[in-house]
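Taken from Swiss-Prot, the feature compositional bias 'Polar residues' covers 1-20. According to Swiss-Prot, the feature region 'Disordered' maps to 1-26. Marked as Fe(3+) binding site by Swiss-Prot: H81, H83, H251, D325. Taken from Swiss-Prot, the feature Zn(2+) binding site covers H81, H83, H251, D325, and the record attributes it to sequence analysis. Feature annotation from Swiss-Prot assigns 4-imidazolone-5-propanoate binding site to R90, Y153, H186, E254, S330. What Swiss-Prot records for Y153, N327, G329 is N-formimidoyl-L-glutamate binding site, and it gives sequence analysis as the kind of evidence.
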Amino acid sequence: MSHQLFRNTRIYSPMDSGQPSAGKAQGKLAHFPNGALLVADGLIVAMGDEEAVLAVAKGGAEVEEVDCGGRCMIPGFVDPHTHMCFAAPREAEFAQRIAGTSYLQILSEGGGILSSVRAVALAGEDELYKSTLHRVQTALSFGTTSLEIKSGYGLDTDNELKMLRVIGRVAVDSCLDIVATFLGAHAIPGQYKTDADAFITMIVEEMLPRVREQGIARFCDVFCERGVFSIEQSRILLKAARAMGLGLKIHADEVTDLGGAGLAAELGACSADHLLAASDTNIRAMSQAGVIATLLPATAYSLRKDYARARVMIENRVAVALATDCNPGSSFTESMQFVIGLAVLNMEMTPAEALTGASLNSAYALNMADRVGSLDRGKQADFLLLEGETPAVLAYHAGVSSVASVYKRGEKVH
């Protein structure tokens, strides 16, 4: 078995203790200023000081050496919350929002998510596949090596299944590890505008069984927000999804403190996402339940809202993950580097905390930490080489990509 030895590199990585990094642990990185990484069959065999890794390499088979040129090495980014499967951008609504129209007002008038629903219904499956694959490849160029993609622009059984099929095709054809999430309860379609309860019943009785039969989605999500789906409606849907074997996620407390974070804690969801308006009480409940907070600072940036209180969450030992929320309405970016910069500059996270949030904790938010998210022995050799002395360059050097190279399972892919 041949080995690859990546040497002459400064390594920075969170280390996996078997659980998400919370509290002070989120800010701790392993650092090897004269580091090396030994890879076999796409998996990490050894990582650490170059001399120690060389000793391991000499005891094995033939070794191919790769000189990293003194560059900084970090884990590949894991993006645990995206809506990359969509048919058309929404630039006109961007102009409306800049002029002062609120996101929820646009939605109530049939725009927003409902505009994307109409576009997906009109799009052919191949067209949707090509545009989604392009966005995934763009994310890869910025250093993302694993990500999640949600459905949610279908809102009927046929189009939700179409979106999941597209996500499944992209997962096969892309080199990234891609996780699909079913988000049938993303908005209330027109025919159910006055009866959201009936729509939830339809999802539970018709959509969910078909989603389970299709076998592509690994999680179920719901937009739990005033004017969309209530706490009780969200509870009914998520409990049904859990009974069908799906992991749970919640769009929680993005606009108002409805209590979605508390519901995530009650149900033992894998993550609660957004959380701009989450209360101290529900943040503590998330901590006690081990729910990961997936924060989306690019959305707050785009909507010109206050940012989620990452510092409060970290101080309460909630593991914080970071994601792009890439979507055509409120966060059109594929760049985890941009997200890290916003987290450091606007959410008071340290560069080390942000890197952990964009890698290890994000992997836990997708139940993927057994194979990605850190440079631990036995995990996939998914890593980045940076143009900079430390990971702080990701926030410090704004407006450019600091990623020199992207490796997936030990192979250079960008």
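Using the three backbone atoms N, Cα and C, a Cβ is placed for every residue, glycine included.
Sequence-ordered, the extra residues of this chain that approach the Fe(3+) site, with Cβ no more than 8 Å from the Cβ center of H81, H83, H251, D325, are T82, K150, D273, H274, L296, T299, A323, C326, N327, S331. The Cβ of H251 (Fe(3+) binding site) lies under 8 Å from the Cβ of D221, V222, F223, C224, E225, G260, D273, H274, each of these being in the same chain and 6 or more residues away along the sequence.
Summarising the environment of H83 (Fe(3+) binding site), the number of other Cβ atoms within 10 Å of its Cβ, over all protein chains shown, is 27.
Look at D325 (Fe(3+) binding site): DSSP puts it in coil. Of H83, R90, Y153, H186, all annotated as binding-site residues, the residue with the shortest Cα distance to N327 (N-formimidoyl-L-glutamate binding site) is H83. In sequence order, E148, K150, K249, S271, D273, T294, L296, A323, T324, D325, A365 are the residues near H81 (Fe(3+) binding site), counting only same-chain partners six or more apart with C-beta under 8 A. Its Cβ taken as reference, E254 (4-imidazolone-5-propanoate binding site) is surrounded by 27 other Cβ atoms within 10 Å in the chains shown.
Geometry remark: G329 (N-formimidoyl-L-glutamate binding site) versus R90 (4-imidazolone-5-propanoate binding site), CA distance 6 Å.
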